[in-house]
Amino acid sequence: MALTELQKRKFKAAFDSQDVDGSGVLTDRDFDGFLAQIQRGIPVSGRLISSLHSQWYEIQSKADLNGDGEVTLEEWYQYLDDVIHDEDRFNRQIVKTIQTLLNSLDADGDGEITNDEYLIFSRSVGVGRGDALTAFEKLDSNGKLLCI
């Protein structure tokens, strides 16, 4: 199946946030830089690092179709199109990483992510305050997000 334009816009934003050096491709260097950005915003557990490494290795092995060590935007789109249409892969790669990340955002360990906790993380990965607030409002029903 082909990605919708909305999916492409969202996936491009995710791609751009991980393309730390702005080269237009994702590489090991970008992954290391992205991980460093996250670590500036939240305490990073070994579990989160392991989950992010697992996701990066999956992306490299499945998305880098020509094996040149770089994932282009088109390869990224193809990879995500495959993942979102395979429930097992989606749960293993995307849901697991999101769960681990959300738990890491919960700085006070109360099982909920406040607006402030979300903003700290968003800033660390280059998301502007306005965009982060908009995203939080769409995800939130009571001023907090529950960890899963």
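Residue positions begin at 1 at the first shown residue.
Glycine residues also receive a Cβ, built from the backbone N, Cα and C atoms like all the rest.
Database features, via TrEMBL:
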type	residues	note
DOMAIN	6-41	domain 'EF-hand'
DOMAIN	93-128	domain 'EF-hand'
*asked:* Summarise the domain 'EF-hand' (93-128) as counts of helix, strand and coil residues per DSSP.
replied: 23 helix, 3 strand, 10 coil
*Overall pLDDT of the domain 'EF-hand' (6-41), taken as the mean*: 91
